[in-house]
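**Student:** What Swiss-Prot shows for this protein is this:
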{"type": "BINDING", "residues": "Leu75, Cys76, His77, Met113, Glu114", "note": "substrate binding site"}
{"type": "ACT_SITE", "residues": "Asp128", "note": "active site"}
Amino acid sequence: MSGLTHFDESGSAHMVDVSEKPVTARVAVARGAVKMSAETLALVTEGRAEKGDVLGVARLAGIMGAKRTADLIPLCHPLPITKVALELTADPALPGVVVEATVKTGGQTGVEMEALTAVSVACLTIYDMVKAVEKGMEITGIRLLLKEGGKSGRFEASA
């Protein structure tokens, strides 16, 4: 593992200088889930939540979250994101909703934080939209599954 890049020689936090890095195609995929009761999941999948279309709103929130990552995470570079896609899948075996985000860019740094932020914001939105019926939901398993492009090459999480 290489050293921490967000600290200078004196130990102060700083934004990494990526100006000398080549522009390359980059992609990141992240996943997480919101565990809930089967009854709450039925509310979500049947469109009976009081606040409206839970999965549709969460998808939009995730896209917005990816686009605002540099505003939320202090040392992230603002990036020209070329794609954000979210898949929200009801999983009766959890029970709950699995959220997966794919983010792409052509740039000098990766989009891992954007993918992780998209998943996090989508999961938080699901929680917000149905917390009136179940406050004990669990947001879980948020992690990077894939990172590709740039000097460090390809990373794929183990199963």
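For all residues, glycine too, the Cβ spot is worked out from N, Cα and C.
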**Student:** Cβ within 8 Å of the substrate site centroid (Leu75, Cys76, His77, Met113, Glu114 excluded): which residues?
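**Tutor:** Near the substrate site, the remaining chain residues are Thr69, Ala70, Ile73, Pro78, Leu79, Thr109.
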**Student:** For the residue listed as 'active site' and Glu114 (substrate binding site), what Cα-Cα distance in Å is obtained after rounding to a whole number?
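**Tutor:** Checking the Cα atoms of the residue listed as 'active site' and Glu114 (substrate binding site) gives a distance of 21 Å.
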**Student:** Reduce the DSSP letter at Cys76 (substrate binding site) to three states and note it down.
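**Tutor:** SS state of Cys76 (substrate binding site) = coil.
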**Student:** Within a 10 Å radius of its Cβ, which of these recorded positions (Glu114, Asp128) has the fewest neighbouring Cβ atoms?
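**Tutor:** Minimum Cβ neighbour count within 10 Å, taken over the recorded positions Glu114, Asp128, occurs at Asp128.
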**Student:** Among all protein chains shown, how many Cβ atoms are found within 10 Å of the Cβ of Leu75 (substrate binding site), not counting that one?
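**Tutor:** For Leu75 (substrate binding site), the count of other Cβ atoms within 10 Å is 13.
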**Student:** State, in Å as a whole number, the widest CA to CA span among the substrate-binding residues Leu75, Cys76, His77, Met113, Glu114 given in the record.
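**Tutor:** Maximum Cα-Cα distance: 12 Å.
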**Student:** When you measure from the Cβ of His77 (substrate binding site), which residues in the chain that are at least 6 apart have a Cβ under 8 Å away?
**Tutor:** Met15, Val16, Val18, Ala70, Gln108, Thr109
**Student:** Tell me, how many other CB atoms lie within 10 A of the CB of Met113 (substrate binding site), whichever protein chain they belong to?
**Tutor:** 22
